[in-house]
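Step one of this worksheet: look at the structure below.
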Amino acid sequence: MWLWISLVLVLQYSKTVLSDSNYLIGMGSYDITGPAADVNMMGYANTEQIASGIHFRLRARSFIVAEPQGKRVVFVNLDACMASQLVTIKVLERLKARYGNLYTEQNVAISGIHTHAGPGGYLQYVVYIVTSLGFVRQSFDALVDGIEKSIVQAHENLQPGSIFVNKGELLDAGVNRSPSAYLNNPASERSKYTYNVDKEMTLLKFVDDQWGPVGSFNWFATHGTSMSRTNSLISGDNKGAAARFMEDWFEQNSAKSDELGTDEIPRRVSSIISSIHNNHHELLELASSFQSSPGKPATRVSSAARRVRSALRQADKPGFVSAFCQTNCGDVSPNVLGAFCIDTGVPCDFNHSTCGGKNELCYGRGPGYPDEFESTRIIGERQFNKAVDLFNTASEQLKGKVDYCHSYVDFSQLEVTIPKEGGASEVVKTCPAAMGFAFAAGTTDGPGAFDFKQGDDKGNPFWRLVRNLLKTPDKKQVECHSPKPILLDTGEMKQPYDWADWNHLTRGFL
Ligand SMILES: *[C@@H]1O[C@H](CO)[C@@H](O)[C@H](O)[C@H]1NC(C)=O
């Protein structure tokens, strides 16, 4: 019934400087891949999209920030289509059994990257599990176990450290997939923005006092739909790929700097060599043409004891965790080349995303078109490159107290104040959620079946009949949603149990 809004990780800016490392920070990461065969995939609501293997594995990545002797927050990013209230409840139960009241619904936020290529069936509301033919225990358990273990890891890794924030624009990893609908916004509002989608990436960088950088996460809006609705391999899509690229990048970089470390035994050069080389002079000249490296301070002594200690320390070193989180991606598509008709190859109808009046033929194209693996890699790499750039240049340190706030809001009867011309205002009320006919049209990232059209404000008699067999919306509900015609009155459907949690379904799918 209730949409929960969680604004965890409110790291308030303030003038008080605690110390260089003002927080305890801890990172964790654990596998959540789940069943890789015979399970419907979450996202496209396509009953025929059944998992049959793995493109790459999925992970839960956890970040804990605590004030010594003070409050703490947990943020978990899942390589999953979305978080689930039921999963969260179970995870909180497990955390309570381990840690008492340290981690509760108040200070634990779990988010999903919106990949459309992960196993489904782990949410409790009917709407989300229709195509998976109900609840899938294996999907659910893999998520709960993996999230719990990643939080435990982060908890056990807590060390003094500091956090830096950085922001920047990434222009080529997302486009508006409903540009005609966007034009329905008042010109005065549109003029406030440079683009018709949000292009900003915000990154947090975590630096351990002892080990240096240990992780980062960022928010950037683009759908997890580089992999198509016919793909059957489990994948973290572009954001899961970006996370892997960044973690690999960091490990490779630190491995390289370790090799050059002063602990290494210098290579001995045989004195025979100079005598067999007659071009000694030329080689010297060539060598002098290279710029010398700045080198490393020579204060550390190289001893066997130190090398052993160093190897042990290396084993303690926390793994680098990098998460690519989802944010306001509502209409942002990674299929940046635009939407085209698969029969003729011409761009789809601008206002309805149709081809010759047909919805099923219109598909968005990623930058690797026609190879969706390549599109996933490219969009992942673009986010990865931007994140590395922001990571390397992050200099603004977060200071102040850790706090969080969590509240339940009933979106089915919310009062909203709308400003009117001449300074006056009007108070209006929301109503229970409902899906319009246009919802079933899907989007250009994955068109729905059965001739539904985007931008439909009339509906169709056949589907209206089907709808009425399930639940006929009353006059009040119809008027409240007008001019959007109601296909499924999900907010008022309770049989055999609740169809919706209001969360996803209040978005305006007109
Ligand atoms: C889309 O709809 C608008 C408003 O009805 C109309 O002015 C415009 O010409 C249409 N564009 C196309 C390409 O059909």
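Each residue, glycine too, has its Cβ placed from N, Cα and C.
TrEMBL does not curate its annotations; it predicts them automatically.
For Ser333, the entry in TrEMBL reads active site, nucleophile. For Ser333 (active site, nucleophile), applying a Cβ distance below 8 Å and a minimum sequence separation of six or more within one chain yields Gly174, Val175, Asn176, Arg177, Thr222, His223, Thr225, Gly364, Thr443, Thr444, Asp445.
Among the features that TrEMBL reports, Zn(2+) binding site is placed at His114, His223. With a 10 A radius on its CB, His114 (Zn(2+) binding site) counts 25 other CB atoms from all the protein chains.
Per TrEMBL, the feature domain 'Neutral/alkaline non-lysosomal ceramidase N-terminal' maps to 23-501.
Look at TrEMBL and you will find 1-19 tagged as signal peptide.
With respect to ligand 1, the recorded positions His114, His223, Ser333 contribute no residue with a C-beta closer than 6 angstroms to one of its atoms. Residue density at His223 (Zn(2+) binding site): 28 other Cβ atoms are found within 10 A of its Cβ, drawing on all protein chains shown. Under the DSSP three-state reduction, Ser333 (active site, nucleophile) is assigned to strand. Look at His114 (Zn(2+) binding site): DSSP puts it in coil. Following the DSSP three-state reduction, the secondary structure of His223 (Zn(2+) binding site) is coil.
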